[in-house]
Amino acid sequence: MDRLKYDIVVLGAGESGVGAALLAQAKGLHVFVSDYGKIAPKYKEELNRYAIPYEEGRHTEAIILEAKEIIKSPGIPDTAPVIRQAVAKEIGIVSEIEFAGRYTDAFMVCITGSNGKTTTTMWLYHTLCKAGLDVGLAGNVGFSLARQVAYDPHPYYVIELSSFQLDNMYDFRANVAILLNITPDHLDRYDHRFELYAEAKMRITRNQQPEDCFIYWEDDPFISRWVAEHPPVARLLPFAMEARTDNTTAWINEKNELVVMNLNSPFVMDEELLALSGMHNRHNAMATAIAAKAMDIKNEAIREALQDFKNVPHRLEKIARVKGVDYINDSKATNVNSTWYALESMKTRVILILGGTDKGNDYTDIENLVLSKVDGLIFLGIDNEKLHKFFDGKISRIADACSMHEAVSLAYKMASKGDTVLLSPACASFDLFQNYEDRGDQFRKEVLNL
């Protein structure tokens, strides 16, 4: 650390940060990586291999605050002291996606939304691959965009974007932008103000041109109002559960067919043939089909991809049937709206495992579904007081668990033949688990050990 002035300082040494460091070095920039926590061995080994200087367990301000530009990993809040100091010194702060976008002319398909973005990203990636395109998968899934731009470039990218990534994007342009929905989530990062969170999501349309496309859920009142008040310059391609206007591009007709119009040849497909069930997956399928049609993918390839796609892990993932009881892993449901969609898709009585780190949740949204479908609740978390306050007296069987082993054991005892045990926590996982993947993996392990 003898050189104190770097062109780029990367904060955070996960996939996003290390990818950004690799690209910065490949472009001849002097780069330094700083992580306040511990760097995973595989990333430390990579930084050593490329001789990129780094630190862990601290943020050395003397180095960071002398940088020409900072690339901030999405997990670091703007309230972090080092970020506040950098802003005060007027040091530019960008996301890894923004940085990577400077070094590629690839066609960018970007997906955001409070729920469904991983499924839609993977479904669209699957569709484009099936159509024969050379496409990279980036953002919150796959390898970082920066890493791919540096060492494995593609002419097309499908990118899942969180609101945190969109916050630090300024010049990046999405050729196709998809906004699936906006519901309260991560409000702790937005001063508990929904409008600030929603504005971050709408940044996906920033820098779009008339030849670009903006695909959005027309049934969402906030999105529709925003589009009316701030008309994007891109071509508008909305989808809805039924045709609302002449401009509606995709909907479900009276024959229960998914219809896409206004894009070259019409596309019609029986919704029963879709690989994934549930109302939310009809939305995801419509967005996928519109994007593929907008990119001139043939109907055959779209139809095939919509039929044979396999769902992503931790999203309504069926683990096993044990003594006539289905066990479903929906650990990726980290907000109430995701849990609403999971419950809506259930066809049996449910034992529901809820809880974790609350992000300002309002459980009123799932109350009716819980009352009509749930026979037992298991609260999995260190602090379940808010859940008890809301649900006590409404469901007769409620239990607390402080480990996944205990939660699955309780669910096993509560469930009857024909029921479904559903892990759909509606909360973040950081009180008891490393992340939602760890939570889902532990659920899978415990179920398979029954």
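For all residues, glycine too, the Cβ spot is worked out from N, Cα and C.
The annotation ATP binding site is assigned in Swiss-Prot to Gly113, Ser114, Asn115, Gly116, Lys117, Thr118, Thr119. Under the DSSP three-state reduction, Thr118 (ATP binding site) is assigned to helix.
In this structure, Gly113 (ATP binding site) belongs to neither helix nor strand by DSSP; it is coil. Cβ neighbour density within 10 Å is lowest for Thr118 among the binding-site residues Asn115, Thr118. In sequence order, Ile111, Thr120, Leu180, Asn181, Asn284, Ser338 are the residues of the same chain, not among Gly113, Ser114, Asn115, Gly116, Lys117, Thr118, Thr119, whose CB sits within 8 A of the CB centroid for the ATP site. Comparing Cβ neighbour counts within 10 Å across the binding-site residues Gly113, Gly116, the minimum falls on Gly116.
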